[in-house]
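Visitor: Can you keep this structure in mind? I'll have questions shortly.
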């Protein structure tokens, strides 16, 4: 009987339940609102406008802390220290009230005295959403909107990168990845707590202000510049004498004059080969060959000074010589000249610091005097034109010279 009742009740209940199911079922989910990137950019621009006074104040503080105007920064530092040490509690309350009332008065005057533009004038003067009225009532064109979106994404990416770097640095300090930095950080915190407990608040503020102004790198830069200028004013004669008189060469008779290699002719000023070839060729003979070959190429391109008269007459008398033989004679003559000019320092030591040349300590030849130096002592670059080269490429191409030759050529 029970089963029959259940079977009978099944079809009776189903008609009553089925019509109520659609009424009790939840409505179909509505489509989620689409994300509008341009509205996000407009909100960001409005936020920039609202925070513009704070940004200007931060720029002013950074301008003072970086000592862009040393006198103004010094007066600000001293004035704040005097205020921190002399003002009592009542004076501080007065300063707080003044700091509240002055911005309020300025904002009221700005709002009252500002001219309100109509919509037509605003649309005519519209430009890249700079003011708040432009953002609220003006409409941007498609190129302007795309430019705003791109600028926003670039700024957002830079901000997130800086934030990630800051968080990583904080985690490194907190996790003691660098014990020195972490110990300094926690030591500074403990020192600050002790200072707040032991010293009065006015002295704490004075120390903090002095640290911000006098403890940065820009302050030491300004001090070093003023010290250098003061020394130059106190002894200008010594400075001029140091610049005007180069170090005298070693005079040891005729041999000493030959070794000192005096001022070179324009033909000899066309310097030897490139630095790469000089560094790759370790033995002396390979180094000389690289100098000779590249020197010949530079001479042919630059059309240097003519050969001596005797050589020219000999070439004219031998009219049957071909171009290859003429070139061969020039090669032999310039090779002999370069070998005479090659420095006497063939023992593998740097002329400047006396370091021994090795696989790691490469030999480098000064393109002006020809002496052998290491890469550290011969690291000054000068254009070939300063050495007398007249080719158009000489204005762009540079060669390595030693310190003394660099001072001589740069005058």
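Cβ atoms here come from the backbone N, Cα and C positions, even for glycine.
Keep in mind it's a predicted model, so treat the numbers as computed, not measured.
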Visitor: Looking at 26-46, 89-109, 110-130, I want to know which stretch Swiss-Prot calls transmembrane segment.
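Guide: Swiss-Prot lists transmembrane segment for residues 89-109.
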Visitor: Between 67-87, 151-171, which stretch does Swiss-Prot give the note transmembrane segment?
Guide: 67-87
Visitor: Taking the centroid of the Cβ atoms of 350, 353, 374, 377 (Zn(2+) 1 site), which other same-chain residues have Cβ within 8 Å of it?
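Guide: These residues sit around the Zn(2+) 1 site: 351, 352, 354, 355, 373, 375, 376, 378.
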Visitor: Quick check on the binding-site residues 353, 366, 377, 405: which one has the highest count of other Cβ atoms within 10 Å of its Cβ?
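Guide: Of the binding-site residues 353, 366, 377, 405, the most buried by Cβ count within 10 Å is 366.
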Visitor: Can you list, in sequence order, the residues of the same chain other than 366, 369, 402, 405 whose CB lies within 8 Å of the CB centroid of the Zn(2+) 2 site?
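Guide: After dropping the recorded site residues, what remains is 367, 368, 370, 371, 373, 378, 401, 403, 404, 406.
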Visitor: Below 8 Å Cβ to Cβ and six or more residues apart, same chain only. Which residues does that give for residue 402 (Zn(2+) 2 binding site)?
Guide: 351, 352, 366, 368, 369, 371, 373, 377, 378, 380
Visitor: In the predicted model, what is the mean pLDDT computed over the region 'Necessary for interaction with KIF5A' (271-361)?
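Guide: Mean pLDDT for the region 'Necessary for interaction with KIF5A' (271-361): 53.
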Visitor: Within 10 Å of the Cβ of residue 350 (Zn(2+) 1 binding site), how many other Cβ atoms can you find? Include all protein chains, please.
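Guide: For residue 350 (Zn(2+) 1 binding site), the count of other Cβ atoms within 10 Å is 22.
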Visitor: If one measures from the C-alpha of residue 353 (Zn(2+) 1 binding site) to the C-alpha of residue 405 (Zn(2+) 2 binding site), what distance in angstrom results, rounded to a whole number?
Guide: 16
